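What follows is a single structure, written as structure tokens, with notes after it.
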Amino acid sequence: MAAPKARALGPEEKDECMKIFDIFDRNAENIAPVSDTMDMLTKLGQTYTKRETEAIMKEARGPKGDKKNLGPEEWLVLCSKWVRQDDEEEILRAFKVFDANGDGVIDFDEFKFIMQKVGEEPLTDAEVEEAMKEADEDGNGVIDIPEFMDLIKKSKNALKEA
């Protein structure tokens, strides 16, 4: 498994991450020992190889960071990676459900089925076709996994802004 990329955390996500950090900040010194990282990862349901963990830790600490301890900022960098990974796994599971024939793409009929189920009112074929054109970034007539992830992320962002 490749180390996930970081993403910005919302206020609630930051609060949750810091609650976990506080558990590992045993002496209330605003630090958590790096040696506990594997334990932290396991308790959070994350499974990385030792090499992946070292790469994540190196990125979180930065070039001049403390090699033995993590501060709150470094912890939030780590947390942002896990949150993004969970989001992507959830989107991938949804994609597999919507890809009814399992061919790795969502075609017009599968997309129409999705749009009919999530919309409040039934859409016409023309409306579905227009929505599909917007989601189909490369114009090949189907929606692949990266396009589906972009579609979901855009939808989430639109809902947050509304």
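Glycine residues also receive a Cβ, built from the backbone N, Cα and C atoms like all the rest.
On a predicted model such as this, the values are computed, not experimentally measured, just so you know.
Lifted from Swiss-Prot, the feature list:
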BINDING   D99, N101, D103, E110  Ca(2+) 1 binding site
BINDING   D136, D138, N140, E147  Ca(2+) 2 binding site
DOMAIN    12-47  domain 'EF-hand 1'
DOMAIN    49-84  domain 'EF-hand 2'
DOMAIN    86-121  domain 'EF-hand 3'
DOMAIN    123-158  domain 'EF-hand 4'
MOD_RES   A2  N-acetylalanine
MOD_RES   K96  N6,N6,N6-trimethyllysine
MOD_RES   K117  N6,N6,N6-trimethyllysine
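Everything Swiss-Prot records as a feature, shown here on the structure.
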residue : record                   : contacts (Cβ under 8 Å, 6+ apart)
K96     : N6,N6,N6-trimethyllysine : G102
D99     : Ca(2+) 1 binding site    : V105, I106, E110
N101    : Ca(2+) 1 binding site    : D107, E110
D103    : Ca(2+) 1 binding site    : none
K117    : N6,N6,N6-trimethyllysine : none
D136    : Ca(2+) 2 binding site    : V142, I143, E147
D138    : Ca(2+) 2 binding site    : D144, E147
N140    : Ca(2+) 2 binding site    : none
**Prompt:** Apart from D99, N101, D103, E110, which residues in this chain have a Cβ no more than 8 Å from the mean position of the Cβ atoms of those residues at the Ca(2+) 1 site?
**Reply:** F98, A100, G102, G104, V105, I106, D107
**Message:** Please list, in sequence order, every residue of the chain apart from D136, D138, N140, E147 whose Cβ lies within 8 Å of the Cβ centroid of the Ca(2+) 2 site.
**Reply:** A135, E137, G139, G141, V142, I143, D144
**Asked** Counting by DSSP, what is the helix, strand and coil composition of the domain 'EF-hand 3' (86-121)?
**Response** 24 helix, 1 strand, 11 coil
**Item:** Protein Cβ atoms within 10 Å of E110 (Ca(2+) 1 binding site), excluding its own
**Value:** 19
**Complete:** Model confidence over the domain 'EF-hand 4' (123-158), as mean pLDDT, sits at 88
**Reduced DSSP assignment, D138 (Ca(2+) 2 binding site)** = coil
